[in-house]
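Working notes for the structure below.
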Amino acid sequence: MVQLVGSLRKELADSVSSCRVLVVGAGGIGCELLKNLVLTGFKNIEVIDLDTIDVSNLNRQFLFQKKHVGKSKAQVAKESVLQFCPEANITAYHDSIMNPDYNVEFFKNFMLVMNALDNRAARNHVNRMCLAANIPLIESGTAGYLGQVTVIKKGLTECYECQPKPTQKTFPGCTIRNTPSEPIHCIVWAKYLYNQLFGEEDADQEVSPDTADPEASWDPAQTAARAGASNQDGDIKRVSTKDWARSTGYDPVKIFNKLFKDDIMYLLTMDKLWKKRKAPQPLDWAVVQEMADAFLQSDEVSGQGLRDQQVLGVKGYAQLFCNSVETLRSQLAEKGEGAQLVWDKDDPPAMDFVTAAANLRMHVFSMNMKSRFDVKSMAGNIIPAIATTNAVIAGLIVLEALKILSGDLEQCRTVFLNKQPNPRKKLLVPCALDPPNTNCYVCASKPEVTVKLNVHKTLVQSLQDKILKEKFGMVAPDVQIEDGKGTILISSEEGETDANNSKCLSEFGIRNGSRLQVDDFLQDYTLLVNLLHCEDLEKDVEFEVVGDAPDKAPPAPNVPEEDKNIANGNQDSALPSTSSKVPIEKDDVLIVDSDEEPSSSTMEAAVEMGGVKRKLEDVETGGAGSKRKRLFELPINDDDIIALD
Amino acid sequence: MAQSAAGKSNKEQKYDRQLRLWGDHGQEALENAHVCLINATATGTEILKNLVLPGIGAFTIVDGHKVTGEDVGNNFFLSISSIGKNRAQAATELLQELNSDVSGNFVEESPDKLLDNDPEFFHRFSLVIGVQLIESTCLRLAGVLWNAGVPFLVCKTYGLVGYMRLAVKEHTVVESHPDNALEDLRLDQPFAELKNHIQSYDLDNMDKKDHSHTPWIIVVAKYLEKWYNEHNYQLPKNYKEKEAFRQLIREGILKNENGVAEDEENFEEAIKNVNTALNPTKIPSTVQDILNAEGWKNITAQTPAFWVMARAVKEFVENEGEGKLPVRGTIPDMIADSEKFINLQNVYREKAMQDASVVSKHVESLLQSVGKVCVYKSKKKCKNAAFLRVVRCRSLADECSVELVNKDEITSCMDNPDSEMVLYLMLRSVDRFFQQHSRYPGVYNYQVEEDIGKLKLCVNSLLQEYGLNVNVKDDYIHEFCRYGANAIKMITHQFVPFNNTFIYNAMSQTSATFQL
């Protein structure tokens, strides 16, 4: 049988068939990639994915069919590929790549790792594992018609974390709880509410009015009076939302009235908030029932559209709220005592609940309501995805893989796929890879960062969860204070330092200028953290990384000498006379939508839908827009699971 | 009934991620399309896979070949058990598995036979994709499709080089999805209903809350009235005037008792939007060209819907529209309370519907004049009147004709010896080789050296025949001897397809588009 081997040199064909490669992710890009790998002649392939197959995958993940819904992606992908290519040797893992079983030794088994991921946490982790194991990594991502492929090799190129990424969009707690001004605030609130009622309760996801809102600052006497008043309020304050809801038997009407009437009336008593804002208007279930649903909006001038694109009226959403609460109540009951539901945008009652609750809150706060279709985009961070883009990107991944296997790392490129040919008539734009950022807090020889925080307020627990795990992407950090004694602050051994968790840093002698040595043994990664004590961080900001300016464009990447004259000079100048030289274009790289930020990509998609698009201001659209800058940011390709918060 | 609703919802779920890209009407167009693939090669089936997954209506594979071991090796959709079977049938069966909503068909015949016996067979398709066709077949088929107005996508892959050529006499695009479309607000020339609506606001006698919740469109309109009165009914044109206009708005922000400006976000929005809001209402030149197009001036029963529409829009512009396109009817999101926003939105929306129904009337009477009944859904097109585009390609016959060949493009590209154009010339030379030897160069190892010479002859005779004074490096000839997604844009009539040749060079991951 003749495979692509025909067009490859013999030595390359041999290394293709003998090497072992790892594919991380068996989703949109992963399916295409597996197909391409076996057709190219790769024989030893391992694939890992923790996800199961959903109906919404079937429009592009061609290794899966309807009958596979609910099954392991990795496993089914393997079986489908074997049907066509029985001679391939594929190992499938239905697991998270962040599981400690997949340690540096595991990564060292491979000649090459290829990411086909959809979230930043896993990308960060695989990046570190490949740096630690010194294995080349091919990164990739797609969003709608756009896509990108790049190569990461320790010491030679930028790593995935060399350039700061835009931070996740977060909203201050009091905006969510007290003064929402945009639909997204109400949608975030509704997702919190879902967890508070049916899922895992999280103290950071409060939904009731926030009396500590600095903007509302009352004089102390008033505050005391109010505290008394809220106690009379049927003890709602001291019981958790879930316990309260349970005590009512999840009575939808009672929940409705608490959320949209009583809590709003309470907010109205914080009158300072409404001096300049339009005050919210409480909704009473009984009154809503009397309403003739006067304004029923439709998304399209021409009417119709998808059922999901219709905007219901207040009464319609009240009914949807009621129905979804009842459905979720029985789902919860079926799961038994102490069970929790997990929010999923593709679970209809969960999506109905968020749509209804968010819209009712939008109405209360005088915002224009949104269709289920639009709410789903925003609540689920949905990035549109099609087979074609994934197929193109998977093809490019294999080509980079072939260059790596031939030992031609200097020929590797970052390649961008544009929506339409750029002014130079190129649809695919290759760019030279940048050398590592010497200040990178991941791949520098002695990584170091400086963090501003309040040592009297920051708990060891939040140092671990919010700073080390969430911000710096560690899985199981060990922390030692550089105080000459080597005090262990956090141990990755279970239970060893639990007693420290609820203490604040200053209790361990940590003060301005203290240094922490943080190790993650799984990632074989050591980070030195310099702490700066700071008392005047903004409310809801627990810490700040010094020099981290995610909203600014990263510094202009260096252009290797060889490429400089081409980039700066005229494109038509004679190139070296081998056909393999690439005209490098530095200046017209597109913006790829950022990972976890729902606004840009989903908004762009929605704009393309041509409906009554309530576009956020200043949304940067991807593609050949007027603003062009480089963001070393790979888009989510698939069903992301990242929460908005 | 219940079942069809459930079916619809299933589809919505399955296609959710793409509906967010091309909308339900794009999906509908896709589902109504019937695509023909000639030759179920690896490239051919890959293209079909990417159409079958998103739910194209139907496909038909035309292929007279039997499946060989080589096919099974490079084509994911053929397995060892298919060897010896007809390739069209084997690929259809396996592609069909990808999506049960799609109707897969196959014809076990070579395109040449079909062209001999039943050339009209090809008229039924929304798009024909021809893969690895030999030049003579390609040109014959292209002629048939050109005259029938069926788009023809020619695809070739050779080693690590890919080639795609679109041949269509005329492709109309209803939604071109421009990157930076301006809003259609008509503030410079408000229609009567908008004027009345603006009149209903009195910014000077409003309470603070209403003042800060007045949509910015109204704010700009109000201050524009003022500006008009002071500036002889001229829009602020240059930067200086616009800056002065912004200042005028800024002065309108309410002040508190201490004379300090209040925080009025709607005014800030108004100031920020001055530039776009004051864009004069006019018909884009691309649309003007369509309205003035000669080709379909006389409406007959055969005139395509797009041109009937274009004609109706033209009538509208010349009569009721008073020189303007139908109102689009959408406004951007803005700070305002629901009631005010919805009222304003309705003003635009109702005007858009009104304009659309006027256009519909024109459509009806145009069709009546040729004895046809109106079945067009014209509202979508009205809304997109500013985004209409027409793409016209050169025919393959012209491209290949010695007299009409686009010499300039070829020679100017070849000034850079590594332009992708050289690959085009190489592919044409390989076609020539095949025509002469009935096989591709270098397929048999023992013939490589010999084939290099033969291919070089083909290159030279091609250049000579077309009078091209360019140099093709021997490297390319050796490389070629060693070797042994655009359809969706066409179907949905959204986005502007490339015009007309796309070449992909996997050796250096570069791509290029040419007009040939």
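In case you wondered, yes, glycine gets a Cβ from its N, Cα and C as well.
Because TrEMBL annotations are produced automatically, they should be read as predictions rather than curated entries.
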Listed range which TrEMBL flags as region 'Disordered', given the options A:203-234, A:491-522: A:203-234
So which of these binding-site residues, A:Ser96, A:Cys159, A:Cys162, A:Cys440, A:Cys443, get their C-beta under 8 angstroms from chain B? none
Can you tell which of A:Ala122, A:Cys159, A:Cys440 has the most other C-beta atoms within 10 Å, given these are the binding-site residues? A:Cys159
Take the mean position of the Cβ atoms of A:Cys159, A:Cys162, A:Cys440, A:Cys443, the recorded Zn(2+) site. Which other residues of that chain put their Cβ within 8 Å of it? A:Leu131, A:Glu158, A:Tyr160, A:Glu161, A:Pro436, A:Asn437, A:Tyr441, A:Val442, A:Ala444
For the domain 'Ubiquitin/SUMO-activating enzyme ubiquitin-like' (A:451-538), provide the mean pLDDT of the predicted model. 91
Measuring Cα to Cα, tell me the gap between A:Gly28 (ATP binding site) and A:Cys159 (Zn(2+) binding site) in whole angstrom. 23
Just the number: how many Å between the Cα atoms of A:Cys443 (Zn(2+) binding site) and A:Ala122 (ATP binding site)? 16
Of A:Gly25, A:Asp49, A:Asn59, A:Ser96, A:Asn119, which is closest to A:Cys159 (Zn(2+) binding site) if I measure between C-alpha atoms? They're all binding-site residues. A:Asn119
For the binding-site residues listed here (A:Asn59, A:Ser96, A:Asn119), which one has the lowest count of neighbouring CB atoms within 10 Å of its own CB? A:Ser96
So A:Asp49 (ATP binding site), by the Cβ count within 10 Å over all chains shown, scores 26
